[in-house]
Each structure stands twice: as structure tokens, then as C-alpha cells.
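Working notes for the structure below.
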Protein chains: 2
Amino acid sequence: MPSIDVAGEFETIRRLFVPLAHPDYARGLMDDVAVLPSRSGFDLVLTKDAIVEGVHFLPNDPLDTVAQKLLRVNLSDLAAKGAEPFGYLLSCHWSERCGWPERGAFAAGLKADQKAFGVSLLGGDTVVTPGPATFTLTALGWVPKGRAVPRSGARPGDLVFVTGYIGDGWLGLQAAQEKLTLETERLIALVDHYRAPEPCLDFSIPVRDMATASVDVSDGLVADLGHIAAASRVGIVIDLEVTPRSLAGQAWFDTRVDEQAALEKLVTGGDDYEIAFTASPRDEAVLRREADRRHVPLTCIGKVTSGQGVTVRFAGQPVEIAAPGFTHG
Amino acid sequence: MPSIDVAGEFETIRRLFVPLAHPDYARGLMDDVAVLPSRSGFDLVLTKDAIVEGVHFLPNDPLDTVAQKLLRVNLSDLAAKGAEPFGYLLSCHWSERCGWPERGAFAAGLKADQKAFGVSLLGGDTVVTPGPATFTLTALGWVPKGRAVPRSGARPGDLVFVTGYIGDGWLGLQAAQEKLTLETERLIALVDHYRAPEPCLDFSIPVRDMATASVDVSDGLVADLGHIAAASRVGIVIDLEVTPRSLAGQAWFDTRVDEQAALEKLVTGGDDYEIAFTASPRDEAVLRREADRRHVPLTCIGKVTSGQGVTVRFAGQPVEIAAPGFTHG
């Protein structure tokens, strides 16, 4: 059952991926494997996420940003755990639209991000699929031994923080689908965020040092905080009004009549790739100082309680959230 | 763009995958990441291969063997490098045919193989795809520091060995597609091999200790030896007649009129998942003793020369091979 061979597995690897290979661990991508030396005093943190055309990205998204989104959603998982990324393995399942120009764009997107985030390609494979283009990535990072931040460490009395802004992932999808009416500049910012979100690596070290539990916001803020609540066996209470909004998010919010409904959209939409975490109130001052120093917006959105689940409040009253987040089957 | 949610991402993980999770490193599959302690004196070997319905397995293949094939083709890469596998990350892209019974069969196949091969699930993700079912796996193994066998170490004068039998992968595909006429018992053996090949982990340690270069036979024996020849900058000469054949392979071969054409099919078909390697003639006696002791068939099929590329001989004369192996785009 030979597949449609547009560009050739070996030729794709040689021309496009060998230049991206890690200088020490990837064996020039000639060996089917990566070989990674142990690093004394560190744990290796691994995460694996896939993106599928029509599910996680749009059929008309350019492939350079598809590659960047793939890499960044995985780096976001490492950032939330306090790990410093250094490499990744990649499976490309090219669809029929992926000829040389598209594959070249994909590799160019990776090249730019490798430089931006300090990572290199370790290995993987490339095949042609009769279905939608699909890409899977395994990202690797180092964290000092025993220091990877769990989901399970939140304690009653902790505060709940989130980096950056919430809702731009969902708004970006609406913008990319031409469902939003906003100034062009705002629309572009939202589409850019949807296509190539920024993983919050800049705040990874304070999270590692001070968070009691953390998660990256991918499914939706409420759903992801629910993961912390479940793993930590605590309750979490957040106030919708303090949901941090970007300039574009605020511009959209200002056009809404039903504030509560609008805020619910923002906190359930997902694809934000910010870090949501819990920390002791006694670390708040240091966290805020670190955030200022790194120019990372940091917002306290609620607190940890005894009990269970996530309680979302608006105007001080609990509100019911029908679908707290996005699920991928 | 929510996907078709047949069974639910979290429910699939909770019901089917949490029971397969590594007890120490997987964090109960609750944390998006695996955290792996360093192992002093060892290197970590990683490999990543995907399988796509209609490309690497047939739409009517049962999902328990699809899961096993996925895991085993990756373990085969580790075996060829001399690494001992212990864990894997998994991305499942379920197609519409993957309801609960199919997902359950997939997990059951993994469970059986985890026990057989001493590995556990470390992490990954699950999504629903509108295209063909696709599964990607990253396998991890340990090898003593600096001892992972390269492709690049073959030297002129080395002998070329292969474990097991060559051609059953290709014959198995023909059998699964009902294109072969053989005794039922032979057909079953071939289909079984195609659907769930045996990675040659039993011979991994002798390969680690004595091979100068090695590769697993996935693309096709000639193509894979070509990878060793290219990486080692040597030539390789093999004789078609000595290609080791299983009982089923021999039964098929006995029905062929054109022996050379039949042997060419066997050495180019791929999907064998045996180990092809080079070693010094002075290690031959020990290799044969280790093979006997482990009940692993071991055949010397040729030798390493100066020069380049793979020369295939029949009746002592070089023959031209049109398509040395399978390429996946």
C-alpha cells in the first residue's frame, strides 16, 4: 500500500529537517532514534500533543504558523510545569495539499521558533495521509530534580493566578472564521494569537519556584482549573469580572450587551496557552515583582477553598457554566 | 470547531488509558506531562513512528493488533539500537469507526504488549479526526552511556547479519489482502506477522555489545542496509540466495518459478522488524552462540566492502534492484 509520494520521505528529511536537527542528540536524523545523555540533578519532562486540520487549525491556515502552533502548544505544557524546553520529536502526516512549498513553509516556521525558544529537532517521521494534515509533537524539557509543578498541590487558602489574557484563543478562532467585527488591527492580533500563540516560557521559573499547582490554559480556563481542583481535591472560586482581557478582547467585550455571557465565552473558549496556577498568599508580592520585571501580565482571579470543583461567580453570585471547556474526543 | 465526540477525551483516558499508566513517571495521566528521573550511567533513546489506516494498516485490521503493531514497530527501533524499552507516549486520532468497543480493543492490545515487553504508558493525547484513524507513538528506552549502536560504524571486512526471517511483512500484507494461495496455517502466520510483528528485543543485548552498525528492517532489507552503507560510507554486498525464509516464506518461495524475482520481493518488501547489523568476523562465533542460546535465527547474508551502496547478487552476479524499499512520503 504505497502512499501518495509528493515529495519523498528521505528527501523531505534531508532538505527540510536535517538543518533543524539538534547538533548532539539527533544523530543527523540518520538513525531513527535520538540519544539523550542523562543530566544529573534534573528530571526530564515530556509532553505530546497533536494538531489536526479542521479540528485544531483551519484548512486555510498557512503551514508556517501551523508548525509554530504545534510546537508552541507543547512548549506551553512544559512552561506550566516549570520545565525548560530543549528539543522535540515530530511526526508529519502530510495531506495532499502539502507539496514542497507548503513543507518548506512548515520547516521555516519551525526554524524561526527553534531560534526564539531555544529548541532543536531530535527525530520523528514523515508520511503522507489520505486524510486531513495532522502533526504530532513530543516536546522535552529539563527541570531540577523533583521540581516539576504538579496539578495536585493546591491547598485551601491559596490564591489563583493566570498569566497574560484569557479569551484571545477563542476570539482568534472567531476572527479567523470572519465572524467578528472589530478594527482590522485588533482582528489581526487575534488571528495571530489563534494561529501562533505565545507559550508563557517567560514566567516558567517563578511558577516552578512558587506555584503549588499549575496547568496551561488549553481546554478553557474553567475546565483547566477544574483539572487542578480534581487533582488537588479542593474547590476553586473565581470571579468572572476580573478575567484579564487583551486590548482586542476588551474591544470585543465593549461591544457586548450581556457582560456575563461574554465573560463566560472568554473563560471557556480555550486555546489561550497561558499558565493558570495556585500559590500561597505569602508569595503574592514576589510573584507580582517577578511578573513586572518580565513584563508578564499577572492577575489574581480567585482562590482555593475546601470543597470541590470550580465555582464561577458574577457580581458576587455563583453562575452555572454549561460547557466549561473544549474536548477533543 | 468541536470534533465528533464519540467517547470523550477524558473518559477515554480515565477508563482505558489510566490503567496502563506507568506507576512512577506518568502522574496518573493527570498532568499533560511525564516526569522522568535521570538515570546515572545511561543514555535515553527515543524514537517516534506513526501508523495511518490505509497506509500502514488495513481498514479491516482489528484495533488490538493495530495498537500492538504501533508499539512494536517503535520497540523494534529501540531493539536495533541496543536499548531496553520501558515506556511510551501515545497520540490516538480516532476515526469514526472507533467507538467504545474499538477503543477498548486498542487498549487491550496495549495491555497485553505492556506485559510482554515490560513497558508502560507515560502520556499523550486523544482526539477525533475526520480522516483515517492514525496513531503516533514515542517509545523510550535506556542504554548504557555511549553504547547506542549507530548506523555509521560499519567497516570494510565486517560481516552482515540479519535476525529472524525476511519477507514475512510483505507476504503478510499480500495474505491479509487475500492475494496469496497457501495452506491456511501459513496464511494465518503471515497475517499475524503483518498485523503484529515481533520486535527482536531478545537479541538486542548481543547487538549492543557486538554490532558495529545496525538498523531495524522496516523499509525493506536492501533499503535499510542502504542506510547503514550511506551513514558508514562503505559498500555492502549481499547474496539473495541466503535470505532467511520462514516456513511460510519458504512455502511461498517453493511455488515461484522465477527465484530471483521472488527473492527480490522478499528483500524489498519491508515491514519485517528484524535487526540487520554489521559485526567483525571475530565476533561471529559469539554472536552465533548467543543466537542459539536465545533461539533467535541468525543469518550471515553478506559483507561490508570499501565503496558505496548495496550490491545485491544472485548466482554470484550483481543484479539491479528497481525499488529497494518502501517510502512513506
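Positions of Cβ are set from backbone N, Cα and C atoms, glycine also.
According to TrEMBL, the domain 'PurM-like N-terminal' annotation covers A:31-143. Residue counts for the domain 'PurM-like N-terminal' (A:31-143) under DSSP, helix first, then strand, then coil, are 37 helix, 47 strand, 29 coil.
Positions annotated as Mg(2+) 4 binding site by TrEMBL: A:Asp32, A:Thr47, A:Asp77.
The Mg(2+) 1 binding site annotation in TrEMBL covers A:Asp49, A:Asp125. Annotation for A:Asp125 (Mg(2+) 1 binding site): same-chain Cβ neighbours under 8 Å, separated by at least 6 residues, are A:Glu9, A:Ser91, A:Cys92.
Under a cutoff of 8 A between CB atoms, and with a sequence separation of 6+ in the same chain, the neighbours of A:His56 (substrate binding site) are A:Ala50, A:Lys69. The annotation substrate binding site is assigned in TrEMBL to A:His56, A:Asp271, A:Phe326.
In the three-state DSSP reading, A:Arg151 (ATP binding site) counts as coil. Residues or ranges marked as ATP binding site in TrEMBL: A:Gly124, A:Asp125, A:Arg151, A:Ser218.
Residues or ranges marked as domain 'PurM-like C-terminal' in TrEMBL: A:155-313.
As annotated by TrEMBL, Mg(2+) 5 binding site applies to A:Asp219.
Rounded to a whole number, the C-alpha distance linking A:Asp32 (Mg(2+) 4 binding site) with A:Gly124 (ATP binding site) is 7 angstrom. The two recorded residues, A:Gly124 (ATP binding site) and A:Asp49 (Mg(2+) 1 binding site), show a Cα separation of 14 Å. With the fewest other Cβ atoms inside 10 Å of its Cβ, the least crowded of the binding-site residues A:Thr47, A:Ser218 in this structure is A:Ser218. Taking the C-alpha atom of A:Asp77 (Mg(2+) 4 binding site) as reference, the shortest distance to any of the binding-site residues A:Asp49, A:Arg151, A:Asp219 belongs to A:Asp49.
Cβ neighbour count for A:Asp77 (Mg(2+) 4 binding site) (all protein chains, 10 Å cutoff from its Cβ): 26. Between the C-alpha atoms of A:Asp219 (Mg(2+) 5 binding site) and A:Thr47 (Mg(2+) 4 binding site), the distance comes to 16 Å. A 10 Å radius around the C-alpha of A:Asp271 (substrate binding site) takes in these binding-site residues out of A:Asp49, A:Arg151, A:Ser218, in sequence order: A:Ser218.
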